[in-house]
Amino acid sequence: MNLHEYQAKELLKKYKVPVQEGIAVDTVMAAEEAYRQIKNDTGNNFAVVKAQIHAGGRGKGKIEGKEQRGVAVGKSLEDVSNIAKNILGGTLVTIQTGPAGKKVSKVLIAQDVYYPGPNPVKEFYLSILLDRAKGQNVIMYSTEGGMDIEEVAHNTPDKIFKEWVYPGGGLQGYQARKIAFNFGLSGEAFKNCVKFVTNLYSAYCGLDCSMLEINPLFKTADEKIIAVDCKMNLDENALMRHADLANLRDVNEEDPTEVEAGQYNLNFVKLDGNVGCMVNGAGLAMATMDMIKLAGGEPANFLDVGGTANAQTVEAGFKIIMKDPNVKAILINIFGGIVRCDRVASGVIEAYNKMGNINIPIIVRLQGTNAEEAKKLIDESGLKVQSAILLSEAAELVKKAVA
Amino acid sequence: MSVLVNKNSKVIVQGFTGTEGTFHATQMIEYGTNVVGGVTPGKGGSTHLDKPVFNTVADAVEKTGADVSIIFVPPAFAADAIMESADAGISLVVCITEGIPVQDMVKVKNYLQTKTTRLIGPNCPGVITADEAKVGIMPGFIFKPGKIGIVSKSGTLTYEAADQAVKAGLGISTAIGIGGDPIIGTTTKEAVELLMNDPETEGIIMIGEIGGGMEAEAARWIKENGTKPVVGFIAGQTAPPGRRMGHAGAIIGGADDTAAAKMKILAECGVSVVDSPADIGKTMAEALKK
């Protein structure tokens with residue numbers, strides 16, 4: 001589950017991780033009020049307006065139809081007010097959102113951290129994630145902060161450092177110090193960085209994050225270490241022990257069809273193709289998508305109906321797939337094991353009759369327990385449903401449907 | 001021979017008296033698996049499905065001599081159940097549970113390094129040795145005995161592959177569902193190695209998917225050590241990057257864990273790679289003739 005920057009920063013503060021302070025607002029009036037408060041707290045006329053969406057590249061992205069960037073510095077109350085007016089309600093298009101962009105309903109009014117002071121400021125990169133191959137958490141960091149880290153990794157791999165955390169002992173002091181030394185820090189900034197990294201790792205574990213990225217990790221002119229931006233992903237499997245975090249989900253950031261599918265307990269991912277599919281099991285669902293492509297079509301979705309394919313799930317699946325006007329055919333591919341194929345077939349027939357006007361070809365491939373009986377049920381139903389038993393037969397039917 | 005489980009395996013069920021545990025234990029017993037009892041904390045001393053129930057795995061091992069355990073407990077308690085089994089000296093733990101928090105598995109993986117226990121899963125359909133023992137949730141009747149071993153991250157694709165191998169007249173020795181989570185007990189390479197060393201297995205079907213580097217690791221091992229034909233399929237050629245496709249581990253993170261990249265490495269290492277899942281059985285039969 002993805003979180004917004006403002007939500008992630010609030011959580012980090014609970015773990016004593018210093019952040020660029022800010023106030024999230026959803027109206028221009030509230031933005032002005034937030035600016036006054038921040039100016040009052042910091043004594044600085046400057047403040048940053050940051051669009052809150054689940055995608056990166058906000059600083060370079062633009063609001064559709066305007067010259068407004070998704071992150072901008074306001075130099076006065078009027079300035080901040082205008083920027084907020086431009087961003088709120090607009091659609092922000094960044095390199096990560098795709099051309100459709102994302103609607104912005106909240107902005108974070110944040111303190112300007114590039115204030116002058118005795119020492120130069122510095123930007124670093126640091127993230128914590130799972131190293132699947134080692135089965136350990138790894139801290140990845142670089143002196144090249146504020147940039148696209150994949151580009152840094154590609155062009156200058158020697159500037160990326162990694163520190164693996166031994167699961168039995170957790171992050172050790174020497175590891176946090178090594179990171180701060182590699183950043184080239186000393187004195188107060190060094191001490192602050194060691195504390196920052198230690199507390200950030202506690203937050204990563206305590207919140208059951210699957211990814212936590214601070215870019216830039218910032219050294220201020222007065223030697224503070226703070227998180228200026230934060231990208232946080234939570235492990236959905238762990239939400240059962242974090243009831244408070246589950247409430248942070250912003251469904252407006254998700255595809256509405258995917259949200260609806262979730263309500264039926266269907267695992268659905270929207271794609272751009274012309275052949276819908278409904279499958280039991282995630283691996284077979286991906287394989288079915290691949291087969292659609294090989295047959296000359298393009299998969300319109302990923303849909304795993306799970307272990308219990310019955311009339312209700314099939315009907316819900318039909319409804320969700322058919323919301324997409326690009327869908328020209330639907331392939332149902334069920335390998336019946338514990339679930340009997342004849343039951344699934346009855347479910348398909350029931351759902352089909354209930355839906356009434358389905359006017360695109362439906363191909364049903366049922367294999368496994370009672371497959372023959374299932375095929376007979378479909379063939380004798382009088383419905384315009386084509387049946388198959390072998391996967392290769394189903395592929396042929398898809399080929400004909402998209403030809 | 002066969003690998004991991006056979007008719008002599010003594011199996012206990014953790015989460016024995018729950019709905020899932022009861023249903024699948026019944027199916028396993030019907031298949032002929034030697035289920036010797038189960039564990040449900042607090043219900044020790046009673047009987048369930050005519051088998052003894054124990055409070056702890058250690059009790060179960062002491063009283064029954066169990067050497068295999070299958071876990072059906074809910075995700076919040078599954079990591080604990082795996083470690084309990086390992087601590088009691090169970091040699092093979094099969095964890096069916098889906099949805100275990102990944103940080104729990106980081107701990108489990110580390111814990112198991114101090115033990116001799118092998119873990120299969122989690123989030124897997126289990127292990128079956130045809131006509132001998134089913135320690136899992138797969139439909140047993142599909143797995144007719146024969147000479148093909150299967151290693152797979154996916155449940156229903158395992159059934160699909162087994163069905164095709166049986167229809168091609170080859171049959172199944174042992175099928176190992178290793179699971180679709182980011183951290184699993186037995187890797188693709190380890191499972192392939194077990195089957196490569198099994199005299200009853202003449203060919204191997206290896207089914208992977210997007211995400212992680214396990215298929216590439218297995219392929220490199222096969223290139224160096226392989227003595228039997230291997231047919232490979234990687235699901236998710238059409239999956240978009242950055243999206244989780246059902247399995248917690250099925251997500252494209254970089255250029256190396258796409259289906260195309262994995263298929264290329266597999267082919268370079270001498271694995272017969274199929275583009276379509278419909279061709280698995282046919283290709284295995286052809287590979288065996290060579």
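For all residues, glycine too, the Cβ spot is worked out from N, Cα and C.
In this model, the domain 'ATP-grasp fold succinyl-CoA synthetase-type' (A:2-218) carries an average pLDDT of 95. For A:2-218, the entry in TrEMBL reads domain 'ATP-grasp fold succinyl-CoA synthetase-type'.
What TrEMBL lists as ATP binding site is A:LYS50, A:GLY57, A:ARG58, A:GLY59, A:VAL113, A:GLU123. According to DSSP, A:VAL113 (ATP binding site) sits in a coil region rather than a helix or strand. The Cβ neighbour count for A:VAL113 (ATP binding site), using a 10 Å radius over every protein chain in view, is 21.
Around A:ASN215 (Mg(2+) binding site), the same-chain residues at least 6 positions away in sequence with a Cβ under 8 Å from its Cβ are A:TYR125, A:LEU126, A:SER127, A:GLY145, A:GLY146, A:ILE149, A:ASP229, A:LYS231. Per TrEMBL, the feature Mg(2+) binding site maps to A:ASN215, A:ASP229.
The domain 'ATP-citrate synthase/succinyl-CoA ligase C-terminal' annotation in TrEMBL covers A:278-394. Residues in the domain 'ATP-citrate synthase/succinyl-CoA ligase C-terminal' (A:278-394) partition by DSSP class (helix H, G, I; strand E, B; coil) as 53 helix, 26 strand, 38 coil.
Among the features that TrEMBL reports, substrate binding site is placed at A:ASN280, A:GLY337, A:ILE338, A:VAL339.
As a whole number, the greatest separation of Cα atoms within the substrate-binding residue list A:ASN280, A:GLY337, A:ILE338, A:VAL339 is 11 Å. According to DSSP, A:ASN215 (Mg(2+) binding site) is assigned to a strand segment.
Proximity to chain B, defined as a C-beta distance under 8 Å, is registered for the following binding-site residues out of A:GLY57, A:ASP229, A:ASN280, A:GLY337, A:ILE338, A:VAL339: A:ASN280, A:GLY337, A:ILE338.
Fewest other C-beta atoms within 10 Å: among the binding-site residues A:ILE338, A:VAL339, that description fits A:ILE338.
Taking the C-alpha positions, the distance from A:VAL339 (substrate binding site) to A:VAL113 (ATP binding site) comes to 59 Å. Non-local neighbourhood of A:GLU123 (ATP binding site): A:GLY145, A:GLY146, A:PRO216, A:LEU217, A:PHE218, A:LYS219, A:VAL228, each in the same chain, at least six residues away, with C-beta under 8 Å from its C-beta. Of all the binding-site residues in the record (A:ASN280, A:GLY337, A:ILE338), the one with the smallest CA separation from A:GLY57 (ATP binding site) is A:ASN280.
Cβ-based crowding with a 10 Å cutoff singles out A:GLY337 as the top-ranked of the binding-site residues A:GLY59, A:GLY337.
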